[in-house]
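Taken from Swiss-Prot as is:
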BINDING   Arg48, Arg54  NADP(+) binding site
BINDING   Arg131, Ser132, Ser133, Asn243, Ala244, Gly287, Lys302, Pro303, Thr304, Ser305, Ser306, Arg328  FMN binding site
Amino acid sequence: MSFNTFGHMFRVTTFGESHGVAIGCVVDGCPPMIPLTEADIQGDLDRRRPGQSRFTTQRQEPDQVKILSGVMAHPETGVQVTTGTPIGLLIENTDQRSKDYSEIKDKFRPGHADFTYEAKYGLRDYRGGGRSSARETATRVAAGAIARKVLPDVKVRGALVQMGPHKIDREKWDWDEVARNPFFCPDKDKAAFFETYLDGIRKSGSSIGAVLEIVAEGVPAGLGAPIYAKLDSDLAGAMMTINAVKGVEIGAGFGAAELTGEENADEMRTGNDGTRFLSNHAGGVLGGISTGQPVVVRFAVKPTSSILQPRLTVDRQGADTEIMTKGRHDPCVGIRAVPVGEAMMACVLADHFIRDRGQVGR
């Protein structure tokens, strides 16, 4: 299996499976002399870690990261810094229950990658989905924590803005509220509603989808390049690599189709700090290049395919059968995808930041 690496100058290669010994990644292209410890990474991993509420999978993984390479104590200050060489990160798996999947090893789970992996490779790791499991995203979050260190002046934040058909009230958006509830929801009232709503979904053995919004503030104008290296193109592609993501939009996105030209175009005026925009329908990107406005990306996450309901399927021999998935699963996988979306945003921005320095010397 190839294509386990993303990025151009800031490159991330991930490895490992859901029920393997460990998962991990190698981050290549990180500049030297950046202070970096395991504690710098652990905070982001803890936000994504499973089993922290009844609304996520009850798999108990501590997700303790180990830095294997690419750092050393600065010879003068003693502070641990990056060396410019590949940074190896490892996260051990400690709470696998492969026996939960023994009954489905010959059946394809509807909505999962079982059928397509088997069609391509002739076999699949049925134990928790193997490489296709969202377990892999822990490594991206670890890489994203390093990317944030490359971009100290950029703040990347994410939130859940819709669950099922229920959207937040944007007039009540409060970033501080995101850390106060298990849904990463910026609307206090809607977070309380989601608690009751998702409890009902969870107890019925079903699942529900969500829409997440990732915002990067402090991004300088000029990142990205025309045509085939557009910043928004890379962001959309990065978000689409996240498990269960089925749609991505930048700025106004699909909503722009409902606007007139005068409504959609972000007008400009001269301000104290240079050019300022009167709106941000573009989501901080024009012509594939950042404008200096906040970069705004939203993506839709489908309902978790593993549900406690019988489903029609076929087996490896091509016979019709039924399947009911056991194991521990998220009733709304979109919840824990918020830190993953933040990580992918940070990695893409770090990549473009380094590429921009090489191209125009900023």
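Quick reminder: no glycine exception, Cβ is built from N, Cα and C everywhere.
This view paints the features noted in Swiss-Prot onto the structure.
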residue : record               : DSSP (3 states)
Arg48   : NADP(+) binding site : helix
Arg131  : FMN binding site     : helix
Ala244  : FMN binding site     : coil
Lys302  : FMN binding site     : coil
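Put simply, Arg48 (NADP(+) binding site) is 14 Å from Ser133 (FMN binding site) when counted between their Cα atoms. Same-chain residues at least 6 positions away in sequence with a Cβ under 8 Å from that of Lys302 (FMN binding site) are, in sequence order, Gly111, Gly209, Ala244, Val245, Lys246. A straight line from the CA of Arg48 (NADP(+) binding site) to the CA of Thr304 (FMN binding site) spans 16 Å. Across the binding-site residues listed here (Arg48, Arg131), the residue whose Cβ sits among the most other Cβ atoms within 10 Å is Arg48.
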